[in-house]
Amino acid sequence: MNDDETESDGEIRASVEPVSEDAPSSPGSSGYVGEGGSTSATTGSQFEIEHEEIEEDTTIDMDRISISDSHASWIPGKRHFDEDDGSISWRKRKKHFFVLSHSGKPIYSRYGDEHRLAGFSATLQAIISFVENGGDSVKLVRAGRHQVIFLVKGPIYLVCISSTEEPYASLRGQLELIYGQMLVILTKSINRCFEKNPKFDMTPLLGGTEIVFSSLIHSFSWNPATFLHAYTCLPLAYATRQAAGAILQDVADTGVLFAILMCRHKVISLVGAQKASLHPDDILLLANFVMSSESFRTSESFSPICLPRYNPSAFLYSYIHYFDADTYLVLLSTNSDAFYHLKDCRIRVENVLLKSCVLSEVQRSLLNGGMHVEDLPPISHSGSSHLGQHMLPSDSPDRFREANSGIGGPAGLWHFIYRSIYLDQYVSSEFPPSINTPQLQKRLYRAYEKLFASMHDKGIGPHKTQFRRDENYVLLCWVTQDFELYAAFDPLADKALAIKTCNHVCQWIKDVENEIFLLGASPFSW
Amino acid sequence: MATIGHNNLNAKLVDPSTPFRFPLFLSQYFVSDDLFLSSFRQVLLGDMGAGKSSLVLRFVKGQFLEFQESTIGAAFFSQTLAVNDATVKFEIWDTAGQERYHSLAPMYYRGAAAAIIVYDITSLDSFTRAKKWVQELQKQGNPNMVMALAGNKADLEDKRKVTAEEARVYAEENGLFFMETSAKTASNVNDIFYEIAKRLPRAQPAQNPTGMVLVDRPAEGTRAASCCS
């Protein structure tokens, strides 16, 4: 399977001339590692070098990396304010994101101080303008190991510079999500400001939101929703989810546009008013916005929020309330005076959730986790299944031995992601002991991302199945009109057994679909 | 019981070893939630980082976070207190100070009976911004609105850029009352809310005064040292 990007119209391929090691790094040279500019770190450098975010010559000893570095303990917020495009550490970063205006003014940068990157922003703007002046549009520049991806959204330009080897489609999708997150905060009406004043400075309007963008960018390393364009549900007993759905439906009937009950980034239940549909990307951006802003945890909040796929030009008014550290309710209305009504709705919802023990079930589900490949029922098994039914007791010596052997599920199954096309939902198994560090998890995530992109590449596909084997995994992908299955196996796994196991996973998912999917919701028409 | 001062034990208190104690007079006016007679909407306005959320959190929850994140939109709190023979329920809107939310401010101050305009005594810009909020409220707000000017971060005396005298003169000229506050040390925080409550249109006396449950607070000297007392 050829994984290379197919060239699209207007794509520019650039090769950067190598610069001698001794030559000073000029503003004109790219300065990226191995592509010119100085590559040797200065002695006594005080740069805080983040693992996995910086290009290093040394290989990483995976065994010595602590699990505490996972996304759960990741600290959100802007990094490395002191850096600019003259800093060696800044140039070594594996993945940059930039947002700038069409006049070249910086709006957002993942690393470094926006104002100190004004010159660099102007350079990016010049590249885009130069190509546009020739009646074309620049989409991708390749420079050595780096890809430079451009996305033009009216007066706003978004750029990603990456050496992570992620597919073009994935990186472009990430830029789309960053733009979407900007719309969540400001709506598309921001364009009018640029019409009035082309040199309009947008940065003050995004004041205090660095944490929202850094959290979204971090999710590109762990959240499959960012490339699957589907949402995931918290596993719950059917009756529990129904109880939550029923009360949300009641409040939706009183004039609430959308009622969404979530636990972290997972949906418990959601209901929309008649004919109102919610795109999975909007759920992702909304959840990121709520979860990354500590402000929402302090009290009841009432805030204007835009759902870009629903209506990018207008605000909705959101009432946000946390029931506990993980579970929160978002009620959306088109009415700016709806606060007291939404507050009453929340009180009704909370009473029902407490009476029907939904909140305690949510906490239990969080504790138990979702689907574990170790619990995949034996192939001979028939009859109804429930999550965790086949689990060995946690204190069983067999379970302990299995966990330490790192075998995972049958036929060396390590992990899977199943996406229901009809429901726009996905379910992902928990990571097994063999994939127990953030780095290994991120590597698997990136492998899935590549697999997804190649399966959906219009230039060379689409494909129905794909089987890959490398030193890390056996990867198997199966796409039908109803679902997509992505599975990772031990690299020594047998192909025939792996295929058989994938069929078995699909059957298991069918058996427990009441618990892992929100089935009542009509498909979202997008 | 709507007691104030139950510190969130998960919150990072500035100095947990010396718990914040409420002034004795608080026992005169904190009452149970279910016996309020008058409900008033109150709004906090001011520049980003002036300390609006810190003031409200100190007043409502008795807590102070050294690093308070920016408010998104507006946060809603309610607090009940008794003033003389009447009880008042404040519905407090803590608004976001960012520029992008400016146009949405009328949504929160429309119909508000009181406003606290907050500035940071270490920032001239925030004082200038506070004056603009006052002008806006005078033009577009409720004409009978009780307005207070709060010079917050009064504990940062060595970094002061706005003198108390300058602010007091401005407040008097514009019909506001003025106090310097510190959410960090709790200085004048409860007082400013109490002062607003006193100035609001006279609340009706309780129909059944014997049914009003005041929070029983022992004299300061005899109180046990507890962060939640």
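Glycine is no exception: its Cβ is also placed from the backbone N, Cα and C atoms.
For reference, TrEMBL has these:
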DOMAIN    A:95-216  domain 'FUZ/MON1/HPS1 first Longin'
DOMAIN    A:255-348  domain 'FUZ/MON1/HPS1 second Longin'
DOMAIN    A:412-512  domain 'FUZ/MON1/HPS1 third Longin'
REGION    A:1-58  region 'Disordered'
Per-state residue totals over the domain 'FUZ/MON1/HPS1 first Longin' (A:95-216) - DSSP helix, strand, coil: 56 helix, 31 strand, 35 coil
The domain 'FUZ/MON1/HPS1 third Longin' (A:412-512): DSSP-derived helix, strand, coil residue counts: 39 helix, 30 strand, 32 coil
DSSP residue counts for the domain 'FUZ/MON1/HPS1 second Longin' (A:255-348), split into helix, strand and coil: 27 helix, 33 strand, 34 coil
Mean of pLDDT values spanning the domain 'FUZ/MON1/HPS1 second Longin' (A:255-348): 92
